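Written below as structure tokens is the structure these notes are about.
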Amino acid sequence: MSDKIGLFTGSFDPMTNGHLDIIERASRLFDKLYVGIFFNPHKQGFLPIENRKRGLEKALGHLENVEVVASHDELVVDVAKRLGATCLVRGLRNASDLQYEASFDYYNHQLSSDIETIYLHSRPEHLYISSSGVRELLKFGQDIACYVPESILEEIRNEKKD
């Protein structure tokens, strides 16, 4: 029997504790879980891709079956095929997330009907955490330590120093 391989993607700009929770839970469902940082190289992100990748790798270091990969200018289904993933993992906080994800699921299924999508609901303590919310708090100098993993906080601090 072949390994169960999943792919969880996002921009992770920055990664939040909500992302971490979904990844930890998804890692128990698969033999191998790839966490794909998808980014637009022509768009200035909050954190450079190198910082995001390094922060994610540190935050996920305790999960032996999880590997962080970065991609740009590629469709998620193409990355999934390349990595041998047969399942996409998505996190849902609310009905708006479901509606947003449903359109992607439609296109992904049209492009590759053998790749399934599973949805993991956010835990109540993470329902209102978002990367954009964290960026907004940072913009106004607020403490974000309770919203992001320590390794991400370190990357943000290091980036601010430069």
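Every residue gets a Cβ built from N, Cα and C, even glycine.
Going by Swiss-Prot, these are the annotated features:
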{"type": "BINDING", "residues": "Ser11, Phe12, His19, Gly91, Leu92, Arg93, Glu101, His126, Leu127, Tyr128, Ile129, Ser130, Ser131, Ser132", "note": "ATP binding site"}
{"type": "BINDING", "residues": "Ser11, Lys43, Val76, Arg90", "note": "substrate binding site"}
{"type": "SITE", "residues": "His19", "note": "site 'Transition state stabilizer'"}
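Swiss-Prot feature annotations superimposed on the structure.
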| residue | record | Cβ contacts under 8 Å, 6 or more apart |
| --- | --- | --- |
| Ser11 | ATP binding site | Ile37, Phe38, Phe39, Gly45, Ser131 |
| His19 | ATP binding site | Gly10, Phe12, Gly91 |
| Lys43 | substrate binding site | none |
| Val76 | substrate binding site | Leu7, Thr9, Gly36, Phe38, Leu88, Phe104, Asn108 |
| Arg90 | substrate binding site | Phe8, Glu101, Thr117, Ile118, Tyr119, Leu120 |
| Leu92 | ATP binding site | Leu98, Glu101, Tyr119, Leu120, His121, Ser122 |
| Leu127 | ATP binding site | Gly18, Arg93, Asn94 |
| Ile129 | ATP binding site | Thr16, Asn17, Gly18, Tyr147 |
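For Ser131 (ATP binding site), the count of additional Cβ atoms within 10 Å of its Cβ stands at 20 [all protein chains shown].
Cβ contacts within 10 Å of Glu101 (ATP binding site), excluding its own Cβ and spanning all protein chains shown: 17. Between the two most distant C-alpha atoms of the annotated substrate binders (Ser11, Lys43, Val76, Arg90) there are 23 Å. Lys43 (substrate binding site) carries neither a helix nor a strand DSSP state and counts as coil. According to DSSP, Leu92 (ATP binding site) is assigned to a strand segment.
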